[in-house]
């Protein structure tokens with residue numbers, strides 16, 4: 001027979017839900033039939049709503065602008081903690097999953113917050129009265145009874161009867177030592193508790209084991225000693241924020257009908273309406289919300305950065321500089337463990353080696369990192385070489401859709417080799433060159449790192465001299481693809497191709513290469529502007545030029561890629577430069 005439930009009138013039960021109680025309150029919902037409810041007509045409701053004052057829509061969902069702050073916390077990560085009042089249903093654990101599916105539209109739907117909560121002590125479950133069995137004459141315990149007695153003693157008194165299990169279940173020495181070394185008082189304990197926490201759910205009033213006056217009035221003085229209280233494991237279902245601080249009769253009819261149906265289906269099921277507090281800590285809030293709180297009003301919130309290995313590369317505005325340390329620390333906190341160093345570019349690229357002046361703002365003071373791109377590994381030192389992760393899509397486009405297996409690629413400004421090494425996995429052969437000796441050193445390391453030594457030949461010389469050497473040598477493969485990825489000055493080096501085939505030494509027929517040159521343009525028609533600059537450098541009008549917009553570098557400034565086949569008239573024309 002199912003144990004009886006506490007059947008209390010609503011006027012006696014509901015006042016107890018609004019204040020802390022020392023016992024357990026069980027709900028057995030008494031619902032009126034749906035036919036007994038009266039509904040107003042649409043006309044009357046619309047008339048009353050039109051007369052009601054317009055209430056501004058309140059914000060919904062978690063936000064730092066809402067909720068209550070932790071008392072006494074003004075600085076540090078705890079100043080970002082926010083407390084929200086919620087209402088929850090305590091339900092048996094076995095019925096939690098079906099109820100969660102059926103109450104989906106009425107449950108809390110906040111990012112990264114689960115609407116099923118398990119609090120400490122929930123495995124004890126809801127308590128309901130069960131009469132004690134009548135005393136019987138004592139008899140000798142059986143073997144099964146002795147084992148159960150040992151199990152009860154084990155559960156209640158620890159490892160008294162099981163010393164071997166005590167050794168097996170003891171935590172590792174490192175964890176015990178860490179717990180022993182922790183200290184620092186209540187503030188340090190609170191900081192340790194919230195360091196890695198995202199959110200915490202607490203029941204208002206909590207559970208108390210002692211018997212108070214209200215509990216005594218509920219079960220009666222004669223109940224103690226004659227009744228035991230037991231139950232199964234339970235869980236909390238967090239209801240939507242709009243149901244916070246509401247009573248049972250204020251809940252939607254759909255919830256009442258559903259719970260009444262579950263209660264009638266299984267008489268032993270018990271459901272309790274409890275008031276909870278949800279505390280969202282610093283780790284919960286996204287980067288933009290934290291920056292919006294700490295930066296003064298009117299300053300544009302920095303939302304993006306470039307990732308190079310474990311380094312986050314910022315480009316802060318002038319009005320961000322007074323707060324650069326705070327911004328960097330937030331970026332570091334919100335992107336751990338992937339990001340370990342945050343840097344800011346202090347000056348534009350103004351040297352021939354394309355290196356940037358970077359300032360370390362937070363994290364590890366090291367600019368040497370390893371980048372993984374398209375399955376390849378590249379070692380990079382941002383203080384001495386150039387790398388741009390935002391061009392990975394463009395590099396992938398060249399390798400996958402432009403280059404062929406039979407191509408021989410000439411990378412004039414290779415850097416540490418993102419294009420040259422990626423192409424070497426597909427094409428026949430690659431010639432890679434860069435003026436920066438440090439970049440060439442890292443290029444050779446990356447070639448060995450990716451096991452492509454047999455397909456790449458490395459040079460360290462000026463771009464004009466490199467192209468002239470490739471076309472004047474008798475021991476090179478005929479070049480079919482030329483990549484010139486130096487957007488600031490690449491078009492100025494195109495004049496080297498005038499008359500490049502006059503000194504052609506190979507016995508095979510001369511092949512006109514496909515040239516892919518990159519550049520910037522701030523013109524209203526960037527394609528036309530870039531095309532005219534190419535024609536001006538080559539000295540002839542190149543008709544067949546395919547333009548591709550790589551990315552918008554700045555407002556009104558485009559990075560372009562122009563692809564064309566070198567005209568024969570240009571290749572055999574009289575050169576208009578003097579090779580170094």
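Each residue's number is its place along the chain shown, starting with 1.
Even glycines carry a Cβ here, placed using N, Cα and C.
These figures come from a predicted structure and were not determined experimentally.
Residues or ranges marked as S-adenosyl-L-methionine binding site in TrEMBL: 395, 434, 435, 462, 463, 485. Of all Cβ atoms in the protein chains displayed, 17 besides its own lie within 10 Å of the Cβ of residue 462 (S-adenosyl-L-methionine binding site).
The compositional bias 'Low complexity' annotation in TrEMBL covers 38-50.
Feature annotation from TrEMBL assigns domain 'SAM-dependent methyltransferase TRM5/TYW2-type' to 305-568.
Look at TrEMBL and you will find 38-73 (among others) tagged as region 'Disordered'.
The region 'Disordered' feature in TrEMBL is assigned to 169-189 (among others).
If you take every residue in the domain 'SAM-dependent methyltransferase TRM5/TYW2-type' (305-568) and average the pLDDT, you get 91. In sequence order, 373, 374, 418, 419, 422 constitute the residues six or more apart from residue 395 (S-adenosyl-L-methionine binding site) in its chain with CB-CB distances below 8 Å. Contacts of residue 435 (S-adenosyl-L-methionine binding site) defined by a Cβ separation under 8 A and a same-chain sequence distance of 6+ are given as 352, 353, 413, 460, 461, 462, 463, in order along the sequence. Largest Cα-Cα distance over the residues recorded as binding S-adenosyl-L-methionine, namely 395, 434, 435, 462, 463, 485, equals 23 Å. When the binding-site residues 434, 463 are scored by other C-beta atoms within 10 Å, 434 scores highest.
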